[in-house]
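Novice: Okay, these came from TrEMBL:
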type: COMPBIAS; residues: 1-10; note: compositional bias 'Polar residues'
type: REGION; residues: 1-27; note: region 'Disordered'
type: COMPBIAS; residues: 17-27; note: compositional bias 'Basic residues'
type: DOMAIN; residues: 33-63; note: domain 'Zn(2)-C6 fungal-type'
Amino acid sequence: MTSSLINDRPSSPPTAPRRKPVPGRGFPKTRRGCFNCKRRRVKCSEHRPECQGCRRMRLPCVYPAAVLPDPQTVPSAPTVKVCLDHLRFFHHFLAEAYPPHPYGASAVWQDVAALSHKYEFLASSILALAAQHLTVSNKADYSVQALNLRISAIRGLNDALSQPCHTAADADARYAAIIGLTFQSTYMPDGLMEFIAMMRGWMLISTTLVTDHGTSMFRQFTRESWVGSMEKYIEEQHGVTDDIVIEDFLASLRILQPLLRGQAELQYLSRLERLALLSKTSPRDALLEMVFCYALTNKMTDEDYASFTDPSNYGAQILLAHFLEQAFLFF
């Protein structure tokens, strides 16, 4: 009875015999195994100083010498190029080449230099000014670098002017760049037309972008403060004005008057005459009048400005030469 019950039970499935572990099985494929594992064609655990297979079989475990990667496949570190000329230009700007007017504003230009690392067009502008100043000082010929930097600054400034200013620093950077480009043009050969064009840009940026002069780093760059800061300089540098030079200047203007062909030219001549007369009696009033002379070309209509700066308008160009001569007497 018992045996029949036992025989009626389902028999358990036969168990497969347990296989012996294959040496090296379970390790990832590698090409850095020891010599013994390579010879036996088994995977190496790569344990150091002795792999598991060599330890189990009591074999000396020797690894191949470390293979250095191909130098061509190693990514090279980025090369940082430093233009040593630019370092010289930057130092020269801080020491000597910053815009000299208004007088006593060197601290402002120190702040501009500190701001320039955030605005490439501003950095290019001050470097261009310094390179041009070094060239006219006969210390070295950097005219090519000055021109290239100027082109870069103008392009960058134009791009910046197409975007709105989000901070006061944005406006100050644009304002500083146009001032630097304007003063650079005074050092450039045949830079008269460049100077006049930059002056119009200077006025445009000053009146449209620098809306809050109280918070601007250029808050002292007003007409009154500009004249006031120059009074001491005028007295120390020039003393008494040469009346003979002024009379010759006025006589030259009278000869020029019949050659002028437009209202803008006649108005400019009238301002120059007034400037010359004031310089005989009051250098301060003459400086104020000089500001009006600058403003004349800035406030011209596009049509009048195009006519006034036309290379074939010789009368206007002679007028500008007279203005620069008068400015030279002051500065």
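Each residue, glycine too, has its Cβ placed from N, Cα and C.
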Novice: Run through the domain 'Zn(2)-C6 fungal-type' (33-63) and tell me, per DSSP, how many residues are helix, strand and coil.
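Specialist: Helix, strand, coil within the domain 'Zn(2)-C6 fungal-type' (33-63): 12 helix, 0 strand, 19 coil.
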Novice: Over the domain 'Zn(2)-C6 fungal-type' (33-63), what is the model's mean pLDDT?
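Specialist: That stretch averages a pLDDT of 86.
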